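Asker: Here TrEMBL flags Asp34, Glu221 as Mg(2+) binding site. Residues or ranges marked as active site by TrEMBL: Asp34. Feature annotation from TrEMBL assigns substrate binding site to 35-39, Arg47, His51, 79-81, Trp83, Arg85, Arg202, 208-210. Per TrEMBL, the feature active site, proton acceptor maps to Asn82.
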Amino acid sequence: MFHLFKRGQTGAKPEDIVELAPDNIPEHIAIIMDGNGRWARKRGLPRIAGHHAGMKAVKRATIAADEIGVKVLTLYAFSTENWKRPREEVDFLMKLPQEFLALELQELIDKNVQVRMTGWKEGLPGHTLEAVETAIERTKRNTGLILNFALNYGSRHEIVNAVREIAEDVRSGKLREEDICESLISGRLLTQSLPDPDLIIRTSGEIRISNFLLWQMAYSELWFTDIYWPEFTESHLVQAVGEYQRRARRYGGL
Ligand code: IPE
Ligand code: IPE
Ligand code: MG
């Protein structure tokens, strides 16, 4: 067992200490980072101020995940449905990867983190894509935590694409219908190189999935919290993993 203390606290009280079993750390945690707009509104600020503050929470979540030994951290940053938002908000969101990576890329490199992206590159502005691709390129030989941004990602679209691809392969004779199985489908998704998420976290009090990793989360544990994403700290991640460790994952068995 090892202990993790709440950050910024000297002499943490016993109730602040969460004990995590090192042999049962979720390999892949995926987070629906929600509530930036409401966080800002509550403070009388424009919604974009919430998105900006959310970047610090991204950093905290990354550090905590790395420290406790998570292998993959997927962060839902922009969905295929988020294009419906006002132009100015979308433009602001599309500038965040550049801003985040300008500040943090060196530290990510130093910490041996591998940056990845899950989503459609088509449709992203050139400056956004360039920032992400530079980070992916510069961290591709790293061997530590995979920090995977779900950017312009939508699960139904992902499944439709996979089905089309498989149908085409059957039509052309590359695949037989009887070859279609669960692992073949998993291998046609954008997450093909990643394990399924063990733990899904959603902030902001919404209890829904919003088109995130529908196939992949068949047996994920879900953890919801009312706090808004900009308020998310290392200790929330530790709390979620603590709860995860108390769950019995049965996969339909006994
Ligand atoms: C999450 O915060 C960030 C994105 C979806 C890009 P929101 O912008 O959804 O904030 P709320 O849910 O409106 O408060
Ligand atoms: C989900 O949040 C998408 C991201 C966190 C990127 P939304 O705020 O878009 O989800 P809904 O609209 O509340 O379902
Ligand atoms: Mg939202």
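Each Cβ is built from the backbone N, Cα and C atoms, and glycine gets one as well.
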Asker: Please tell me which one of the binding-site residues listed here (His51, Trp83, Arg202) sits closest to Asp34 (Mg(2+) binding site), measuring Cα to Cα?
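Answerer: Minimum Cα distance from Asp34 (Mg(2+) binding site) across His51, Trp83, Arg202 lands on Arg202.
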Asker: Starting from each candidate's C-beta and looking 10 angstroms out, tell me which of the binding-site residues Gly35, Gly37 has the most other C-beta atoms.
Answerer: Gly35
Asker: Among the binding-site residues Gly37, His51, Trp83, Glu221, which have a Cβ atom lying under 6 Å from any atom of ligand 2?
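Answerer: Near the molecule: none at all.
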Asker: Taking the Cβ of Glu221 (Mg(2+) binding site) as the centre, count every other Cβ atom within 10 Å, in any protein chain shown.
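Answerer: Neighbour count, Cβ to Cβ under the 10 Å cut-off: 21.
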Asker: Please report the DSSP secondary structure of Gly37 (substrate binding site), reduced to three states.
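Answerer: It is helical.
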Asker: Run through the Cβ atoms and count how many others sit within 10 Å of the one on Ile209 (substrate binding site).
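Answerer: I get 15 for this one.
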Asker: Rounded to a whole angstrom, what is the C-alpha distance between Gly37 (substrate binding site) and Glu221 (Mg(2+) binding site)?
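Answerer: Answer for this pair: 26 Å between alpha carbons.
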Asker: Can you list which of the binding-site residues Gly35, Gly37, Thr80, Trp83, Ile209 have their Cβ under 6 Å from some atom of ligand 1?
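Answerer: Among Gly35, Gly37, Thr80, Trp83, Ile209, near ligand 1: Gly35, Gly37.
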